[in-house]
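Chemist: Reproduced below are the annotations present in Swiss-Prot:
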CARBOHYD  Asn67  N-linked glycosylation site
CARBOHYD  Asn185  N-linked glycosylation site
CARBOHYD  Asn195  N-linked glycosylation site
CARBOHYD  Asn196  N-linked glycosylation site
CARBOHYD  Asn296  N-linked glycosylation site
CARBOHYD  Asn391  N-linked glycosylation site
CARBOHYD  Asn403  N-linked glycosylation site
CARBOHYD  Asn413  N-linked glycosylation site
TOPO_DOM  1-32  topological domain 'Cytoplasmic'
TOPO_DOM  54-227  topological domain 'Extracellular'
TOPO_DOM  272-307  topological domain 'Extracellular'
TOPO_DOM  329-356  topological domain 'Cytoplasmic'
TOPO_DOM  378-452  topological domain 'Extracellular'
TOPO_DOM  474-498  topological domain 'Cytoplasmic'
TOPO_DOM  520-557  topological domain 'Extracellular'
TOPO_DOM  579-594  topological domain 'Cytoplasmic'
TOPO_DOM  616-635  topological domain 'Extracellular'
TOPO_DOM  657-707  topological domain 'Cytoplasmic'
TRANSMEM  33-53  transmembrane segment
TRANSMEM  228-248  transmembrane segment
TRANSMEM  251-271  transmembrane segment
TRANSMEM  308-328  transmembrane segment
TRANSMEM  357-377  transmembrane segment
TRANSMEM  453-473  transmembrane segment
TRANSMEM  499-519  transmembrane segment
TRANSMEM  558-578  transmembrane segment
TRANSMEM  595-615  transmembrane segment
TRANSMEM  636-656  transmembrane segment
Amino acid sequence: MGKKQKENEAYGNSAKYDPSFRGPIKNRGCTDIICCVLFLVFILGYIVVGLVAWVYGDPRQVLYPRNSTGAYCGVGDNKDKPYVLYFNILSCAAAINVISIAENGLQCPTPQVCVSSCPQTPWVVEGFQLSNTVGDVYKEYRNFCVPAVSPDMVVMDSLQKGLCPSFLLPSTPALGRCFPLPNINFTLPEQLQINNTTVSKGISGLLDSINARDVSVKIFEDFAQSWYWILVALGVALVLSLLFILLLRLVAAPLVLLLIVGVLAVLAYGIYHCWQQYRELRDQGVSITQLGFTANLSAYQNVKETWLAALIILAVLEGVLLLMLIFLRQRIRIAIALLKEASRAVGQMMSTMFYPLVTFVLLVICIGYWAVTALYLATSGQPQYVYWVHNTSTPGCEKVLVNVSCDPMAPLNSSCPELKCTFTGYSSSGLAQRSLFNLQIYGILGLFWTVNWVLALGQCVLAGAFASFYWAFHKPRDIPTFPLSSAFIRTLRYHTGSLAFGALILTLVQIARVILEYIDHKLRGSQNPVARCIICCFKCCLWCLEKFIKFLNRNAYIMIAIYGKNFCVSAKNAFMLLMRNVVRVVVLDKVTDLLLFFGKLLVVGGVGVLSFFFFSGRIKGLGKDFKNPDLNYYWLPIMTSIMGAYVIASGFFSVFGMCVDTLFLCFLEDLERNDGSQERPYYMPKALLKILGKKNEVPTGGKNRKK
């Protein structure tokens, strides 16, 4: 006893009885004011970054294609002309890929015009037509010439000045551009030095994007056909998640016992299987000394030492679990009782189950704001125009300086007939552009900090609501009328700074992990094993640190919700309280994890199986109203339903997990504060009192306050 008391003293003294304490303290003050001010100033700066991005950014360069003058196709004056036609796409096809299409607008050294539709038939200017006028030759193809070209201009002049195309190829629109189709059964004049082979080679890289578009259309069609049934599947997931949590008060004990026995049975079968494999390979198998080290991991399946090592590991795990069942059965019973009480708390405050919707909306706002800001920052800059000549050997164009900046609105006073002022891209100069990297870093920091703050807000609000349930002596009579909304207002009013403090600590660790992941990605091709090993060790350490900080923050927010102290004091008190009851913490954590994992498996697996049999048409006789839709890819709505079910189950079970953690801390505080006397009665339910062998004294001449 003396040794245990000394260990407890090392982690602080037990909580003292406070006659005025009746659950979450209402008379509290603002905490971590400096962090609150810092967070608000940072948010103001984040808004300023968004305004700068809005002023200087132009996302149209990603969303819409541009012609040679830099005008956007599909908007403004070109609203009815959504596609770009390249007079000679082969001059830039070799440098085209999907990324450059999106980022650079596919600016190539060839004239580009906005068109209402892409060419459908092949066509070429014949030699005898060069002396005719544009109005006569391009009668049916004026849409493919520069709008400003005069119909009285000679065709030869229009070709030299790059005002009209010399040939047209059957094309298909993709990503807002007209890309030639492959296998064209058409022979072009030899002077153009273009043939079908050249066309096929030049645009082969673009066909992937065209095929991707066809796939995207099919995917859209599948969603249009199956969206209703996907919503039905998500509704089933919601009902299953809610039923699982509400039924835990009835089936928690047998379910936990069944899961533990199931784990023991799986380990026992693993031991048996490893023994069988080891016995077969003991006399005729290859030993580890004979095989040595090899990168072919499948080769180790025929090594007897592999199965022997697996057998030993599984046997140790089996033994540890059996010893835990024998010596920690009392703590397992406490964990089961807390799970039942958590189910009861959720049933009393059903509004808490839908709080994840608030968190989801706030996360969408945070992520959406960052994404829009990052897009506008990436597309900031003034348009740049340079002089360009189609053929510098043309008389009068030999001495023209190309790639020199110009003004597209100024008249071209030059002896070169082919001289153009062409759009090339956006500048990287200017205050916003020079600070682009720093602004993007600021935005990433803002993303992590705001997301972690929103998650912290949800945890603290739920903790306040569930704490008010536990510390209500007569349930449900003493539970506040609106526990969730009261906790929400209380948290925002007093503890924004504390949440920002905890979120900032977690953000810094996550940013460090991102930097390490980036360095590891850069070193992936490196042959230096020492550097790779060091990076791997740092990544492992930061992963463990992040997990620990998340655990500490979660319990700190519970203490903040109950007592209204600042972050550091709350984190210290929570840590000391948990360390004084470390065995109970481990048992409850593992039992809860096992139960929630089974719940997720049940919900996601059930929805997945039902979706598979329905969308694949394996369920017959459902009637006309329940006929499965005709789909191109039936796995698409199945995967969507499974992922949606996982998100819904995670949202519901995260609330339940927070409830268990909150009730557990309140239970530990209850044990330390109270002794069951009339002056200091326990607040825990009768099931926990019975397990612990404790009881509340009955007042003389009256009934026990405890129901």
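Cβ coordinates are placed from backbone N, Cα and C, and glycine is handled just like the others.
Walk me through the surroundings of each of these features.
Modeler: Under the DSSP three-state reduction, Asn403 (N-linked glycosylation site) is assigned to coil, being neither helix nor strand.
Confidence for the topological domain 'Cytoplasmic' (1-32), expressed as mean pLDDT, is 69.
Residues 24, 26, 28-37, 39, 348-349, 351-352, 355, 457, 460-465, 468, 560-561, 564, 566-567, 570, 705, 707 of the same chain lie 6 or more positions beyond the ends of the topological domain 'Cytoplasmic' (474-498) yet place their CB under 8 Å from a CB of it.
Within the chain carrying the topological domain 'Cytoplasmic' (579-594), a Cβ under 8 angstroms from the stretch's Cβ atoms is held by residues 8, 11-12, 14, 256, 259-260, 263, 324, 328, 331-332, 334-336, 338-339, 657, 660, 664, 668, all 6 or more beyond its ends.
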Chemist: Asn67, Asn403: which of these glycosylation sites has the highest Cβ count within 10 Å of its own Cβ?
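Modeler: Compared across Asn67, Asn403, the most Cβ atoms within 10 Å surround Asn67.
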Chemist: Report the listed stretch (228-248, 308-328, 357-377, 499-519, 558-578) having the maximum count of Cβ pairs within less than 8 Å of the transmembrane segment (453-473).
Modeler: 558-578
Chemist: Give residue numbers and ranges for long-range contacts of the transmembrane segment (595-615): same chain, 6 or more residues beyond its ends, CB-CB under 8 A.
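Modeler: Distant Cβ neighbours of the transmembrane segment (595-615) are 226, 229, 233-234, 236-237, 240-241, 244-245, 248, 252, 255-256, 259, 339, 628-629, 631, 634-635, 637-638, 641-642, 645-646, 648-650, 653, 656-657.
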Chemist: What same-chain residues lie close to the transmembrane segment (558-578): Cβ under 8 Å, and 6 or more beyond its ends?
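Modeler: Distant contacts of the transmembrane segment (558-578): 11-12, 15, 23-25, 28-29, 31-32, 35, 459-461, 463-464, 467, 487, 490-491, 494-495, 497-498, 501-502, 552, 585, 661-662, 665-666, 668-669, 672.
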Chemist: Using DSSP, how many residues in the topological domain 'Extracellular' (520-557) fall into helix, strand and coil?
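Modeler: The breakdown for the topological domain 'Extracellular' (520-557) reads 32 helix, 0 strand, 6 coil.
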Chemist: Where else in the chain does the topological domain 'Cytoplasmic' (329-356) make close Cβ contacts, counting only residues six or more beyond its ends and a cut-off under 8 Å?
Modeler: 242, 245-249, 252-253, 256, 458, 461-462, 465-466, 469-470, 475-476, 479, 483-484, 583-584, 587-588, 591-592, 595, 651-652, 654-656, 659-660, 663-664, 667, 685, 687-688, 691-692
Chemist: When DSSP states are grouped into helix, strand and coil, how many residues of the topological domain 'Cytoplasmic' (579-594) land in each?
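Modeler: Its residues fall into 14 helix, 0 strand, 2 coil.
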Chemist: Can you tell me how far the Cα of Asn403 (N-linked glycosylation site) sits from the Cα of Asn67 (N-linked glycosylation site), in Å?
Modeler: 17
Chemist: Could you give me the DSSP helix, strand and coil counts for the topological domain 'Cytoplasmic' (329-356)?
Modeler: 27 helix, 0 strand, 1 coil
